[in-house]
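Chemist: Got a structure here, written out as structure tokens. Questions coming.
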Amino acid sequence: MEKYENLGLVGEGSYGMVVKCRNKDTGRIVAIKKFLESDDDKMVKKIAMREIKLLKQLRHENLVNLLEVCKKKKRWYLVFEFVDHTILDDLELFPNGLDYQVVQKYLFQIINGIGFCHSHNIIHRDIKPENILVSQSGVVKLCDFGFARTLAAPGEVYTDYVATRWYRAPELLVGDVKYGKAVDVWAIGCLVTEMFMGEPLFPGDSDIDQLYHIMMCLGNLIPRHQELFYKNPVFAGVRLPEIKEREPLERRYPKLSEVVIDLAKKCLHIDPDKRPFCSELLHHDFFQMDGFAERFSQELQLKVQKDARNISLSKKSQNRKKEKEKDDSLGEERKTLVVQDTNADPKIKDCKLFKIKGSKIDGEKAEKGNRASNASCLHDSRTSHIKIVPSTSLKDCSNVSVDHTRNPGVAIPPLMHNLSAVAPGINSGMGTATLPIQSYRVDEKTKKCSIPFVKPNRHSPSGIYNINVTTLVSSEKSLFRASKKRREYSRTDVHLPELNYNHLPELRALEGTARNSRLTKKESKILSESRIPSLAAIDLHTPSITLHQVSGPPLSDDSGADLPQMEHQH
């Protein structure tokens with residue numbers, strides 16, 4: 001029963017209660033009848049088992065549909081389709097009675113449903129307005145089969161029968177234990193006048209008072225019932241009332257038509273053996289006039305189909321609602337994850353972004369790289385102001401499909417942005433800024449913050465990299481302008497850090513050639529002072545220039561900035 005959500009109490013009786021519930025899985029609204037603890041009360045258990053047994057074998061458009069049966073903690077639970085409207089509700093809304101056409105449709109379906117039960121040798125025994133449900137489409141459904149039972153075999157007697165007094169047949173009131181389908185027909189006769197007039201036909205306060213109302217309208221009981229009355233110990237010392245003047249139905253309800261009075265009289269015949277069967281009632285003139293029975297039978301089928309569609313649409317609507325709620329919850333979870341990711345450590349976040357972007361096509365990476373290259377950052381310090389020009393990634397440069405001759409703007413790999421490495425990394429003989437190169441995969445997460453000092457304008461003889469001389473000159477001027485003192489140092493004392501060309505074999509070979517050239521010149525001439533040449537005068541239009549050719553006589557600096565001198569202790 002955990003799959004049902006309680007929506008409120010519908011009704012309560014001496015044997016249990018009925019609650020309105022919603023199925024959490026399908027969203028269908030149901031009515032659950034919860035009996036009292038049946039293991040402690042044999043009567044409750046008997047009523048529950050009887051209703052379960054009968055409703056399992058009764059399936060009809062005018063009978064309430066039993067959906068499920070379960071037992072939990074000594075209690076029986078019966079799950080029915082939910083119909084929240086009854087004929088009693090109509091009578092309370094219209095105390096002066098219902099319209100003729102409405103009563104005609106209701107009675108046709110009531111008799112049809114009871115006739116189906118009788119055809120299966122089952123009598124309801126508790127027909128009354130509150131036990132007759134009406135759906136939104138106008139389909140009538142009989143409910144509450146707690147007092148229903150199969151017909152007794154010959155010689156068998158009925159026991160434990162307690163029904164609503166106002167609708168009890170005379171044979172039930174006097175205690176006859178051999179009754180049959182006629183008790184339901186009597187109840188139908190009581191409903192006929194009540195639905196038309198809005199008031200109960202025989203509103204007795206007790207069993208003897210009920211007999212009095214019946215005898216006032218219909219006359220004396222049959223001899224057999226009178227005998228049973230005087231033998232019944234319940235009526236010991238009580239005599240049947242003497243009726244001096246009767247009040248028949250036509251006098252009591254003069255506004256009712258003759259056909260309605262005739263239908264009621266047939267159902268309310270004082271002798272149960274003379275009451276008609278339900279099949280005979282359906283052929284009464286009340287239903288056959290103007291072809292109502294045939295016409296309404298077709299209309300009833302459409303109403304039943306409409307109710308079935310409404311149930312199906314309700315299920316689909318609930319399923320769509322659940323799917324939407326599920327999608328909304330997933331969306332909220334995604335939003336939560338995004339918020340958590342933005343609050344995470346920047347390095348971890350960038351790493352995650354890198355993994356995601358790595359699976360995309362090269363065109364997207366190139367587009368993002370171009371957008372990133374349009375940004376610039378400004379590094380401020382006490383001694384220098386350097387404008388950093390972002391570069392594209394090494395991965396883009398290492399692409400062999402790139403024509404470096406036609407695309408001189410291809411960027412060099414990202415460089416470390418430790419400015420202290422600039423001074424020892426400048427070679428007067430090489431004319432290049434050599435900084436330790438880190439792994440591309442490590443620097444990828446910080447490539448947006450890389451600080452390249454040079455921008456390629458022409459590729460080197462190796463066909464891989466080129467240095468933008470103009471950018472280097474402006475950087476040199478900014479660095480040298482900050483220094484005020486000149487210090488002397490020997491060219492032999494200058495030790496350049498070795499580049500780690502793990503993934504650039506051609507540059508490593510080029511570095512060896514440059515070293516040999518520098519050692520040869522060292523033997524012939526020792527310079528006591530060395531200036532880092534300005535590259536402003538180098539012919540930028542000579543594509544065959546090599547790195548060792550950059551070394552030579554110092555070029556004059558247009559700005560007149562002095563070179564910094566450093567003392568090296570060994």
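In case you wondered, yes, glycine gets a Cβ from its N, Cα and C as well.
For reference, Swiss-Prot lists these features for the protein:
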type	residues	note
DOMAIN	4-287	domain 'Protein kinase'
BINDING	Val10, Gly11, Glu12, Gly13, Ser14, Tyr15, Gly16, Met17, Val18, Lys33	ATP binding site
MOTIF	45-51	motif '[NKR]KIAxRE'
ACT_SITE	Asp126	active site, proton acceptor
REGION	311-334	region 'Disordered'
COMPBIAS	320-334	compositional bias 'Basic and acidic residues'
REGION	548-570	region 'Disordered'
Chemist: Among Val10, Gly11, Glu12, Gly13, Ser14, Tyr15, Gly16, Met17, Val18, Lys33, listed as contacts of ATP, what is the widest Cα spread in Å, to the nearest whole number?
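Modeler: Across Val10, Gly11, Glu12, Gly13, Ser14, Tyr15, Gly16, Met17, Val18, Lys33, the widest Cα separation comes out at 14 Å.
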Chemist: List the Cα distance (Å, whole number) between Ser14 (ATP binding site) and Asp126 (active site, proton acceptor).
Modeler: 15
Chemist: In which DSSP state, out of helix, strand and coil, do we find the residue listed as 'active site, proton acceptor'?
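Modeler: The three-state answer is coil.
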Chemist: Quick one, of the binding-site residues Val10, Val18, which Cβ has the fewest other Cβ within 10 Å?
Modeler: Val10
Chemist: Name, in the order they occur in the sequence, the residues of the same chain whose CB lies under 8 A from the CB of Glu12 (ATP binding site) and which sit 6 or more residues away.
Modeler: Val18
Chemist: Please report the Cα separation of the residue listed as 'active site, proton acceptor' and Gly16 (ATP binding site) in Å, rounded to an integer.
Modeler: 16
Chemist: Please state whether DSSP places Val18 (ATP binding site) in a helix, a strand or coil.
Modeler: strand
Chemist: Using the Cβ centroid of Val10, Gly11, Glu12, Gly13, Ser14, Tyr15, Gly16, Met17, Val18, Lys33 as the reference point for the ATP site, which residues of the same chain not in that list have Cβ within 8 Å?
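Modeler: Leaving out the recorded residues gives Lys34.
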